[in-house]
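What TrEMBL records for this protein:
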- 1-708: domain 'Alanyl-transfer RNA synthetases family profile' (DOMAIN)
- H563, H567, C665, H669: Zn(2+) binding site (BINDING)
- 723-750: coiled coil (COILED)
Amino acid sequence: MKSQEIRSKFLNFFEGKQHLIVPSAPMVLKDDPTLMFVNSGMAPFKEYFLGNAEPKKNRISDSQKCLRVSGKHNDLEEVGYDTYHHTLFEMLGNWSFGDYFKKEAIAWAWELLTEVYGIDKDILYVTVFEGSDDADKLKMDTEAYDIWKQYISEDRILKGNKKDNFWEMGDQGPCGPCSEIHVDIRSKEERAKVDGKTLINMDHPHVVEVWNLVFMEYNRRANGSLEALPNKHIDTGMGFERLCMVLQGVQSNYDTDVFTPIIREIETITDKKYGNNEEVDVAIRVISDHVRAVAFSIADGQLPSNTGAGYVIRRILRRAVRYGFTFLDKKEPLIYRLVDVLSKKMGDAFPELKAQKQLIENVIKEEEASFLRTLDQGLVLLNRIVEETKGDTVSGEKAFELYDTYGFPIDLTALILSEKNLKLDEKGFKEELEKQKKRSRSASETSTEDWTILIEDDVEEFIGYDTLEANVRITRYRKVTSKKDGEMYQLVFNLTPFYAEGGGQIGDKGFLEDISGDVVYILDTKKENNVIIHFTKELPEHINESFKAVVNNEHRALSSSNHTATHLLHQALRTILGEHVEQKGSLVKPKSLRFDFSHFSKVTPEQLQEIEDFVNARIEGKLPLEEERNIPMEKAIEEGAMALFGEKYGDTVRTIRFGNSIELCGGIHVKNTSDIWHFKIVSEGAVAAGIRRIEGITNKAVKDYFSENNAAYLEMKGLLNNAKEPVKALENLQDENNDLKKQIEGLLKDKAKNIIGELKNELTEINGVHFLAKKLDLDASGIKDVCFDLGSQFDNLVLLFGAENDGKAILSCYISKELVASKGLNAGAIVRELGKHIQGGGGGQPFFATAGGKNPAGIEAALEAAKGYL
Ligand code: SER
């Protein structure tokens, strides 16, 4: 059975059991501080379990893309070494939100596996939770046990501990006991020899868990305690790739048709064979797994970067590059070439891959090329470290510097050292790593208290599209302490006029005022899943009373102005640059706006002018805001609104129209484009391969911009003696300046020539080597000329010159090539050593190198040391 058919059989089965089939949610989470990526099928439905939102239907089923590379569930380092763990995998799931429970979940799982997929009952085992006598004091799940007894003999029902049979999504959140279904795909003979029961949860590659049925009934609170959820739910997750392995009769996920096309392509590109050599196999598995994770993330709008989720993606990609570099001898980009097969294989089930293929390829290629350059530079640095190592061990500190500053992977360092018969001080390296972790941990540590509930409220209502003020009650609050912000309070209201950060627009600010006129400032508003959270520095005194909540009007108005300009800019880009332009991110603040979009070349100054004019024409056209709330998604798309990849939309959406610009948007906008006053682009540049960024300003910021520029212009004109044509006057000055520079260079060159005559006479001969160490009154380039001039006249020459330029010290060392070869002298090593005297460092080639430092007083000492050195 092909993988496509396996997936659709699952979904059809649950559709037949009255489940609503939904597409996979985006993998990268935006509004959840406790989770970076969807790490299990249930994560997108978390709010339904907690009762913070209502599902469309109380039975849902889907195939969800999941990524387990950070936090509680992290499989990254195992991937490649075994045949059944992945970074990205598909989780097939069925959900009951307060509807059916254990009886149906177990019956249907059994029916699907044994009757629809026809898996032999003799190779199946199940587990149930045995209970725990720790602080949670949980009882054994006898209910599940008794249900399973009806389907499978009792010797195949195993009792499992909390680690395997009590499922928790993270440190906090919904959880409950679970029953896992395991499959033993070993040969008949092997099964007869060793009882499959003894291999359950023992990391055996052919006795694996395929399906987990979770019976959600608790919520884990921040203080570690469990509380009962208002309703009982079902969350099941089946590993799609493992199921394919079982149904396709193969012994590894990588031998299923999910992976084989990618593996064949790697074989073609690298000229290596899968299945002959363990190191090569690991590398091929790593790459074929990681390309999926990275491609899906980029399709969801998460580009590799230096922070947060982007950094995790960058690390996954670099891990793949490193394995290709080391074990497949591939020193040029290769992973981007796999995107084509991947999108052919999975593009029907996940159309985002097909739609964004070119962007995914470009981004991966650029990232690969840049990391390969890092690896090259790292190799040069590592060779230098090796040269300078006395004894047989490279210090942990040096290896850490290479890893931390240059991003050179430590396992590669260890491998190269062992090839050179050197050792790595691994203990020292680990100590450095630990120190660094401690530093960053203490910088990012936050502690979040549990909510204090004041009023049991259903869902908080946002009324801020229509009003900036409202009477509100605080329904719950909690304290959050972090290094960055100190102590803060987070408040939730029964209803709120405050807009929470979202869709690129930052959150509202404002205040709460109680009846006696006491005020507490709201510093920011953010969303956590569906809950709008208001941030304050202090807790209002009369917390149980009602407050007047007031949004800061100017902050809101300026943000709105920039937000509307962003929509007009988007329209301008698609009109002027082409329909390939897609929004890839935006940041809308009161002072400025930022818009990232896909486009493969620099936007020319003429195009930028055209774009600016396009937007300003619409501002001058005084276009009114036309807003539609709660319209069906299909209708919005029909009307011309574009859905963005990686965004989560409900069934009904809000559309914002200004003239012909129409967007799906939850943000705040001006009532008329004339409120924007004017739009000005202030910069254009690249963010990543194929992604450009435009920064712009509107409204008050444009007025400030013009008046500041005008003031600077008048000042400049004054400095040019109020010249009638200031630009011309400036050009004249520049020309004059260039002429003078040239004259000085010429004079210095003449001076260097004269000096050479004198220096020749000062050369001494030590052991057949011509040598001179001296302080010169020349700049670095003059000294270089002197060195090479003398070098062309004398063999066996060693020169060390010092000079003081603008209060800084420089040292230059020249060594004839024949001495480099015969005596192993190295100018780079010499200047690095002598650089200590001038409190600096440097480097270069073995025959010529320079060092710069901040201590000119040390030049004499360096010259003296050089004499001794020789
Ligand atoms: N949440 C459970 C898991 O991820 C079942 O979906 O294993």
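Cβ coordinates are placed from backbone N, Cα and C, and glycine is handled just like the others.
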DSSP, reduced to three states, assigns H563 (Zn(2+) binding site) to helix
Same-chain neighbours of the Zn(2+) site, Cβ within 8 Å of the mean position of the Cβ atoms of H563, H567, C665, H669 and not counting those residues, run in sequence order as G503, Q505, S560, T564, T566, I656, E663, G667, I668
The predicted model's mean pLDDT over the domain 'Alanyl-transfer RNA synthetases family profile' (1-708) is 93
Filtered by Cβ under 8 Å and at least 6 apart in sequence, the residues in the chain of H669 (Zn(2+) binding site) near it are S560, H563, T564, H567, L625, E627, I656, F658
